[in-house]
């Protein structure tokens, strides 16, 4: 038994090293010049060129403006997704209405459609709406998405007791107060997990901003980072590229370290039927 536990911990430790090493190496490469990176053996300890690479990044792209653009888009997406998906999930979980199961099934079917298939019709719609080169096309279409509604429906069905809501109705509490004052506080772990997923997805979104944003000053961070690749005919400066990537990934890593417990709470609490 003790040997099995030791082997399990050893396997987990090795798996953790394999997952962490790429991030560690990315940070290491951000502190080296391109010439040092292509030496053999490649560097695995920190160098002294991070400040130089950082200056190259901010001279090539408006880094902090692009980061604020990504922060605005991601935060706006999170707020709208949490509002609309929690409302829809609450309706599917707590109410019975004609066509409920059919509507929910049709919504689930849309989750099987690859996102690449919808790019052309999405771009045509954004063009007709006049949403080219602004953030509406990145925020509004995903405000009520199938995954978010499914997540909240399952979480609400597993954690929100009907007896509590019935007692509130008997006391004369209006429906909107039941949702905002009674249901939402109970749903905080599920909302936090969905918010984290949404924020990371929006922060990392590359294809959408690439298609509809034209002005470098309104670029989100992933699109702006593509400019760091430079001229392919002269070779890439991987030190500068890794520096920009490190600065882009750092907020996500820090947020995950502090908020990972909410993801775990959201996944485990929704799996337990009250």
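Cβ atoms here come from the backbone N, Cα and C positions, even for glycine.
Long-range Cβ contacts of the transmembrane segment (7-27) within its own chain (Cβ-Cβ under 8 Å, at least 6 residues beyond either end) map to 44, 46, 242, 245-246, 249, 253. Here TrEMBL flags 7-27 (among others) as transmembrane segment.
The annotation domain 'ABC transmembrane type-1' is assigned in TrEMBL to 67-259.
Among the features that TrEMBL reports, transmembrane segment is placed at 71-95 (among others). Remote same-chain partners of the transmembrane segment (71-95), defined as residues 6 or more beyond its termini with a Cβ less than 8 Å from a stretch Cβ, comprise 104, 135, 138-140, 142-145, 148-157, 160, 162, 165, 179, 183-184, 187, 191, 194-195, 198-199, 202-203, 205, 209, 220.
Annotated transmembrane segment per TrEMBL: 102-124 (among others), in sequence order.
According to TrEMBL, the transmembrane segment annotation covers 136-157 (among others). Cβ atoms under 8 Å from those of the transmembrane segment (136-157) belong to residues 73, 76-77, 80-81, 83-86, 88-90, 92-94, 104, 107-108, 110-111, 122, 125-126, 129, 183, 187, 190-191, 193-194, 198, 202, 205, 208-209, 212, 220, 266, 269-270, 273 of the same chain, restricted to positions at least 6 beyond its ends.
Sequence annotations record features per position, and here TrEMBL assigns transmembrane segment to 178-200 (among others).
As annotated by TrEMBL, transmembrane segment applies to 238-259 (among others).
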